[in-house]
């Protein structure tokens with residue numbers, strides 16, 4: 001019986017339980033639901049939960065533990081002499097798993113029969129040929145012990161599956177019986193069902209925490225692996241980035257960090273003044289008609305995926321800057337450059353800065369504007385001397401959040417900034433960023449044992465720490481310096 | 001003390017007032033300039049994408065009558081399908097060449113200096129493969145003359161889209177001016193036509209040297225699969241988490257921790273989620289690379305904060321009087337929430353979900369890390385098995401095409417962006433309509 005069938009059987013028992021439980025509750029009250037503590041459906045749900053939840057939990061735990069236990073037993077069958085030079089027990093066990101699942105496929109395809117498998121040995125059967133015949137490729141020659149282990153693995157797995165089916169279904173039936181025996185008119189079935197729902201709600205809110213733990217754990221785990229192969233001092237202070245897949249690479253973060261900060265700085269130089277003035281104009285000057293057109297249009301910019309901006313940088317902005325600025329000025333030859341990526345990223349950040357600042361500016365109470373106008377100030381004087389100082393913490397927060405967004409942005413820099421790690425001041429030269437290198441080190445055929453691949457996790461951790469720090473800083477500034485006008 | 005005596009009338013503008021008025025005007029102009037720049041950026045972006053991408057929806061086809069020569073396709077005349085299957089696409093290419101030779105022999109189509117070998121290069125390499133598929137599906141047509149609508153090669157197609165000119169053809173080793181002349185003559189004869197390119201939406205990706213055959217089919221399907229996974233995971237989990245936090249959670253450190261986590265996850269760079277997917281889902285849990293299931297899971301985690309924030313806002317907007325009334329007539333807290341509050345908050349939740357899905361649809365960086373960049377020719381099978389098959393995704397396909405050398409792929413990439421934007425527009429329009437239609441002011 002396969003795991004899927006067991007789960008289906010348990011659920012079927014539980015569904016039957018729902019109807020039996022409901023009708024039993026109704027009968028016990030003599031058909032008068034006023035005698036019941038809960039609505040009849042809740043009694044059904046209680047039986048459903050008692051039948052399904054314990055059985056499914058046991059099945060899940062079983063499915064996780066079973067391969068580990070069996071492999072533990074089987075690995076004794078592999079002698080040290082079976083492990084070839086450069087191989088390991090883990091690789092052999094992977095072979096065992098592949099062969100045993102291959103045998104399953106062969107049985108299904110009719111190439112082998114059950115009794116044949118029991119007496120299978122390498123002298124009378126070309127196991128590799130048979131497996132290849134059903135589409136399972138086994139890399140190396142199969143050793144006798146490995147084959148025996150596979151056959152044993154297959155037999156044990158099948159036996160364990162059988163036990164699992166029996167145990168799970170038995171638990172489901174016990175739960176069913178217990179719940180039915182509890183079903184009496186004064187049984188608080190609704191509380192049971194609601195407690196179950198509530199625990200489901202709590203579990204869902206765990207997902208956010210689990211995600212954070214997953215991110216931090218995976219980053220730290222792989223980063224520590226990386227630092228075991230490559231000294232942390234070199235990673236943080238080496239001024240060159242030059243990965244060699246043959247070994248002996250320089251993996252210093254400084255050039256990447258420089259590129260990241262330079263591109264983000266250029267982006268903010270474009271985005272902050274434009275975004276801020278858009279926000280000021282929209283909230284202080286614009287008629288409601290202009291506002292109703294411009295505000296959604298700016299928001300469209302925010303809804304466009306970054307890959308679109310990346311393509312824009314690649315096919316339009318990059319060649320434009322190269323042909324009209326870089327080449328005539330003799331500053332560079334490449335269409336991907338810090339300025340290209342920064343300019344396009346600036347466009348992306350305009351709505352980010354403007355909508356956040358807009359909120360802050362609108363939160364400044366009208367009475368302060370009126371007071372300023374009453375003293376004879378012009379509108380621009382009011383903005384500069386009253387509104388902006390009052391809104392400053394919020395605006396600074398918005399700018400920091402925009403900076404964090406710029407540092408973590410990937411597609412625009414992948415397509416617009418270039419791939420050469422350089423420490424240079426020329427904005428028309430191609431430079432590269434942390435995110436670009438994460439992508440380039442982790443795409444393609446990756447082997448998780450070389451520092452050249454693992455460095456991506458160290459870069460990811462640095463990126464995570466930087467952006468997290470900026471976000472926390474922004475929150476802190478907004479909270480601490482926010483003027484309260486109530 | 002000095003007497004302040006006005007030296008001029010307040011009706012005439014003095015220097016200082018003039019300066020202040022000028023400053024006011026200047027400030028206002030800055031605002032107008034900023035808005036103009038932002039709008040120009042939007043217009044520039046759209047113009048660049050649309051002018052570059054719209055040609056991808058048109059494609060040049062060459063219609064040819066090809067004699068399915070039994071001597072080539074079915075040598076012993078046995079009509080045995082197994083034997084016909086042995087003829088590779090290379091066996092079909094000479095038939096196309098022959099059909100073109102016939103056209104070239106016609107006096108009105110003849111082009112001086114054009115060899116039939118070069119003429120055959122005007123038809124996409126995909127043409128022979130298509131013919132083979134046709135023959136294998138209809139083996140009884142061998143020996144007949146069948147009219148095929150072949151894709152023209154990328155350069156010929158580019159000639160009619162302005163990408164290739166006679167001048168550039170002279171320098172290009174992939175296309176010659178004679179071929180272009182022949183193409184023009186074919187066009188005059190009505191054999192070469194440009195028509196709407198359905199293949200762009202339905203075909204799978206194609207290799208480096210046949211951009212004309214590349215399509216978005218697999219990418220669209222992969223994106224749809226991922227959106228389905230995101231919808232079925234993120235919506236229930238997000239709504240359940242929001243209900244707990246908004247309606248049941250006691251005010252304690254655990255609740256605070258969850259809240260801080262959610263607001264932080266919303267600001268974590270997307271590429272970090274890709275690293276998470278690679279480390280946890282692929283390396284640790286052993287899920288297959290480039291599969292929609294992994295992409296869907298990663299995008300689910302990214303979309304959750306959006307959905308939770310939107311759901312909590314709309315739960316908060318339901319007035320407490322509704323809850324009080326339900327509790328007052330004897331509902332339990334759970335019943336009050338599920339029977340009354342949740343249905344009233346549903347439009348807001350749905351709007352937030354659609355916006356979250358739209359964000360997830362355009363997300364690229366995390367998908368690069370979990371191997372969605374791989375070249376996928378085969379359509380994934382139907383769900384649920386299809387969730388584990390390799391597939392592409394719309395935004396990643398765009399990135400993929402920009403990495404290829406042939407400029408025809410850039411046009412395809414822009415075209416793919418248009419498809420992506422159309423999907424986003426549709427989703428956002430639905431969200432706006434839902435909001436307009438069902439939004440309630442209490």
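A Cβ is built for glycine as well, from the same backbone N, Cα and C atoms used for every other residue.
TrEMBL annotations: computationally assigned, not manually curated.
TrEMBL lists B:220-431 with the feature domain 'ABC transmembrane type-1'.
Feature annotation from TrEMBL assigns transmembrane segment to B:27-50 (among others).
Positions annotated as transmembrane segment by TrEMBL: B:224-245 (among others).
According to TrEMBL, the feature transmembrane segment maps to B:265-287 (among others).
Long-range contacts of the transmembrane segment (B:293-315) within the same chain: residues 222, 225-230, 233-235, 237-239, 241-243, 245-247, 262-263, 265-266, 270, 273-274, 276-277, 281-282, 287, 341-342, 345, 347-349, 351-353, 355-357, 359-360, 363, 366-367, 370-372, 387-388, 393, each at least 6 residues beyond the stretch ends and with a Cβ under 8 Å from a Cβ of the stretch. Residues or ranges marked as transmembrane segment by TrEMBL: B:293-315 (among others).
Same-chain residues lying 6+ beyond the ends of the transmembrane segment (B:336-358) with a Cβ under 8 Å from its Cβ atoms: 227, 230-231, 234-235, 238-239, 243, 247, 303, 306-307, 309-311, 313-315, 317-318, 322-323, 325-327, 424, 427-428, 430-431, 434-435, 437-440. Taken from TrEMBL, the feature transmembrane segment covers B:336-358 (among others).
With a threshold of 8 Å between CB atoms, the same-chain residues lying at least 6 positions outside the transmembrane segment (B:413-434) that come near it are 48-50, 52-57, 200-201, 216, 219-220, 223, 347, 350-351, 354-355, 357-358, 361-362, 394-395, 397-398, 401-402. Per TrEMBL, the feature transmembrane segment maps to B:413-434 (among others).
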Q: Take the transmembrane segment (B:265-287) and find every residue of the same chain, 6 or more past its ends, with a Cβ under 8 Å from one of its Cβ atoms.
A: 293-295, 297-298, 301-302, 304-306, 309, 363, 365-371, 388
